[in-house]
């Protein structure tokens with residue numbers, strides 16, 4: 001029996017507060033919570049309720065011995081806040097751009113449902129603390145999961161960001177899903193030229209309906225960083241699992257390193273720019289960050305989308321490289337093993353790619369450390385084949401950078417020169433011991 005039919009027979013509607021008695025291994029277990037809408041991808045035979053602690057559980061219909069309504073759902077029209085507050089002259093003004101993701105979610109407490117369509121306006125209204133930091137101009141660009149983000153979205157975000165910065169805003173906060181936030185941060189780092197004010201990407205590992213949500217604190221800290229002196233593209237997220245402080249990471253050196261921890265984001269081969277406390281304290285951890293200044297920000301949005309990111313693995317077939325070349329790809333970023341190696345039998349296909357005008361770049365799947373193709377014979381053969389070693393760049397950053405580079409040149413010598421030029425802090429001069437696993 002499907003859940004819709006089951007609930008209808010029992011006279012139960014989504015949003016009702018119910019008590020369920022379930023039989024598990026001969027024992028009765030009791031749950032109370034709000035009936036949720038059926039999940040789109042569920043089998044349709046499970047009743048989902050939101051417990052009082054905020055978490056959802058699913059109970060198979062066949063295991064439900066008894067289900068009773070404790071309180072009927074209260075019909076209530078949905079409210080959309082516009083966050084139209086009188087500007088305060090003593091506060092700076094920033095723009096919050098909404099793009100989607102976990103931070104852009106809200107709970108309807110009458111039905112228990114969690115909606116991903118939490119607009120930037122509603123998000124701002126839900127965290128009133130940010131109005132004590134700055135005047136907020138919220139704007140929803142789109143509402144998509146970050147895994148659906150494409151280069152065209154990066155370009156739109158870049159233009160909207162530059163527009164906001166050039167129209168009197170002191171900074172921009174971008175609400176973004178966490179899964180591909182590093183890619184977007186890197187793309188903005190290369191596309192936003194002459195950056196004179198802060199651009200801060202922020203997200204949440206846990207949605208706003210969960211007791212352990214990091215959404216509010218992350219947004220508060222991001223807003224504080226957006227009115228700071230650091231004129232860089234940054235990612236601001238929790239610095240540790242508790243609600244102690246957030247960290248501001250440089251946009252080209254940051255990576256999501258855990259699927260679910262609140263402090264999942266880490267600076268790789270670099271130290272963060274700053275620690276931020278929600279009460280307003282900011283501790284800069286380095287002094288070489290780009291400082292706030294005057295001048296117009298402009299967007300360099302030329303991107304070559306026919307670029308691939310390929311991870312090397314034992315037994316990898318050279319046919320994969322050949323396929324990309326045959327399909328007209330202009331660039332390939334390889335995540336090599338160790339210092340930047342591939343199986344030896346890939347080298348002829350890599351050389352063919354370079355000979356046919358494809359830019360082939362090498363990063364390391366170790367993430368930490370630096371590519372060095374001069375140490376072992378395989379690396380030297382790759383160099384001879386024309387592979388560009390990408391120093392200590394993250395694979396994702398190198399992928400985005402190569403798209404940007406090939407948007408400007410088809411000449412492999414010029415492409416190599418540009419890939420090895422440090423435009424946005426993506427390359428550090430040398431590897432510091434204190435940047436490993438921080």
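Each Cβ is built from the backbone N, Cα and C atoms, and glycine gets one as well.
Annotated features, as they stand in Swiss-Prot:
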- 102: active site (ACT_SITE)
- 178: active site (ACT_SITE)
- 179: active site (ACT_SITE)
- 256: active site (ACT_SITE)
- 92-422: domain 'Asparaginase/glutaminase' (DOMAIN)
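The number of other CB atoms found within 10 A of the CB of residue 179 (active site), across every protein chain shown, is 17.
The distance from the Cα of residue 178 (active site) to the Cα of residue 256 (active site) comes to 7 Å. Separating the Cα atoms of residue 179 (active site) and residue 256 (active site) is a whole-number distance of 7 Å. Regional average pLDDT for the domain 'Asparaginase/glutaminase' (92-422) in the model is 93. Here the Cβ of residue 256 (active site) has 20 other Cβ atoms within 10 Å, regardless of which shown protein chain they belong to. For the recorded site, residue 256 (active site), the DSSP three-state label reads strand.
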